[in-house]
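J.: To start, I am sharing the structure in question, which I have written as structure tokens.
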Amino acid sequence: MPPRPALNPDPATRAWAPAPGPAPRLLAMRGKLLPLAGLYLVQGLPYGLQSGLLPVLLRARGLSLTRVGLAKALYAPWLFKLVWAPLVDTRGSPRAWLTLSTAALGLVCGLLASHPPAAAGQAGLPVTVAGLLLLLNLAAAVQDVALDMLALRLLEPTELGPGNMVQVVAYKLGAVLAGGGLLAFGPTLSWPRLFLLLAATYWLAAALTWVAPALRQLPTPLPSEHPRHTLHLGQDLLAVPGTLWTVGFVLTYKLGEQGTSGLFPLLLLDCGISAPELGLWNGVGAVACSIAGSSLGGALLARRRQPLPLLKSALQFHLGGLACQTAMLFHLDSPGASLAPSTVLRGTALLSLCLQHFLGGLVTTTTFTLMMRCSQLAPSALQATHYSLLASLELLGKLLMGTLAGALADSLGPRLCFSVFLALSAAPMLYLGLAPNTLA
């Protein structure tokens, strides 16, 4: 005789009804994660273009590391998400915001198809291309706020680990498709064709978002749930338990990694590795490893692993990998050193890119889970704004070092610069010891 299902009191009928088993819960979670995965994938496309394609493209045309780093200033709209987050939080629905912002991304990509990138000998990006990329980031940043609001409303506390795994994995998959894929297959895919393909992808995603059943059924907050937008909004956000500590962590935990991940591939390019080979390893290979690391983080969190101990272990391994990269850099910076084909040093340098991205993916998924856990402690009508604050500051920390890394390398030299990055990577491990109990 099969065991009887657990019983649950049904408040509507005052009778006893079967409690939902693991299979219905799993199906319900998949119904939430699939639309999130598709939306986060298309959101990663602009980042992949600007982080994987443009730096190598500009460096191959002879631009200095400083100029290459300054191109990341086009990410500026992501730092101001808090400006429009309250509007997205309280006006309209996530479905409407996601549809409009995704359609806008398709429009900008269509315009970019008619404007080529920098030509050989040009000092930098053409003004028109830079302006369109800025608009691309603006539309993507609006989409990000709406998508985070959707995730906060859809996911239960026990679903945060798998949900953030899907977020990070899908986002990075979109990034590698748009960035490393173009470098690897650039000779067969021209700039206009690439952006026309992206425009069609965005418009298809916008149409699917508008008709998606899961998004049509989302409840809209009642007027009483709307936050009061006063001059004290910042105080209300910072008063959420654990916010101050989380702000400090997200500002600093990626400083060292961003410096090395942005510079190390460019220095390998200077040492003789070709752009297509670098695109294959630092684009497709490294991001595939990052996706694997993010998947491992989501799986561990789904098994009730606590984020803080997992973060400490991952950061320790990441610091060890960075120390190995720094040692290789010291060797490559010495006279007579080279990365000749079929040498152990060349293979080790390329494999180190994959290892660091694997550990970086594990760290990122765990950190985003911690951020979302902190935001769910806020009132429901403030949660998307609160998460936008944390996400903007997280990006600020990465963007600050990513922008300045080239200037630091040009002024201090690679050896001293990487030594600074190594010290910055050790600081977050000490900071974890100050984490509040509300986030444990």
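Note that Cβ sites are derived from N, Cα and C of the backbone, with glycine treated the same way.
Curation does not apply to TrEMBL; its annotations are automatic.
Note that the coordinates shown come from a computational prediction; the quantities given were computed from them, not determined experimentally.
Annotated transmembrane segment per TrEMBL: 33-58, 64-84, 96-113, 125-147, 168-188, 194-215, 280-302, 344-372, 384-406, 412-434, in sequence order.
Tell me about the setting of these features in this model.
T.: Same-chain neighbours of the transmembrane segment (33-58): 67-68, 71-72, 74-75, 98, 102, 105, 117-118, 124-125, 133, 136-137, 140, 143-144, 147, 150-151, 154, 162-163, 166-167, 169-180, 182-183, 198, 201-202, 205, 208-209, 212, 214-215, 262, 265-266, 269, 275, 278-279, 282-283, 287, counting only residues six or more beyond its ends whose CB sits under 8 Å from a CB of the stretch.
Taking Cβ pairs closer than 8 Å, the transmembrane segment (64-84) reaches residues 50, 54-55, 58, 123-125, 130, 133-134, 137-138, 140-142, 144-145, 262-263, 266, 385, 388-389, 391-392, 395-396, 399, 402-407, 409-410 in its own chain, all 6 or more past its ends.
Cβ atoms under 8 Å from those of the transmembrane segment (96-113) belong to residues 39, 42, 46, 88, 129, 132-133, 135-136, 139-140, 142-143, 145-147, 149-150, 191-196, 198-203, 205-206, 209-210, 215 of the same chain, restricted to positions at least 6 beyond its ends.
Beyond the ends of the transmembrane segment (125-147), by six or more residues, the same chain brings 36, 39-40, 43, 46-47, 49-50, 54, 58, 71, 74-78, 80-81, 84-85, 88-89, 94, 97-98, 101-102, 104-105, 108-109, 111-112, 115-118, 384, 388, 391 to within a C-beta distance below 8 angstroms of the stretch.
Sequence-distant contacts of the transmembrane segment (344-372), counting only residues of its own chain at least 6 positions beyond either end whose CB sits under 8 Å from a CB of the stretch, comprise 151-152, 155, 160-161, 163-165, 167-169, 172, 246, 249-250, 253, 257, 260-261, 264-265, 268, 273, 281-282, 285-298, 301, 307-308, 310-311, 314-315, 317-318, 321-322, 324-325, 328, 331-332, 387, 390-391, 394, 439.
Sequence-remote contacts of a segment are chain residues at least 6 beyond its ends whose Cβ falls under 8 Å from one of its Cβ atoms, and for the transmembrane segment (384-406) they are 64-70, 72-73, 75, 78-82, 85-86, 88-89, 144-145, 148-149, 152, 227, 233, 237, 240, 243, 246-247, 250-256, 258-259, 262-263, 266, 367, 371-372, 374-375, 378, 417, 424.
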J.: Can you tell me which parts of the same chain pack against the transmembrane segment (412-434), counting only residues 6+ beyond its ends and a CB-CB cutoff under 8 A?
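T.: For the transmembrane segment (412-434), the nonlocal Cβ contacts are 245, 248-249, 252-253, 255-257, 259-260, 263, 267, 308, 311-312, 315-316, 318-319, 322-323, 325-326, 329-330, 333, 401, 405.
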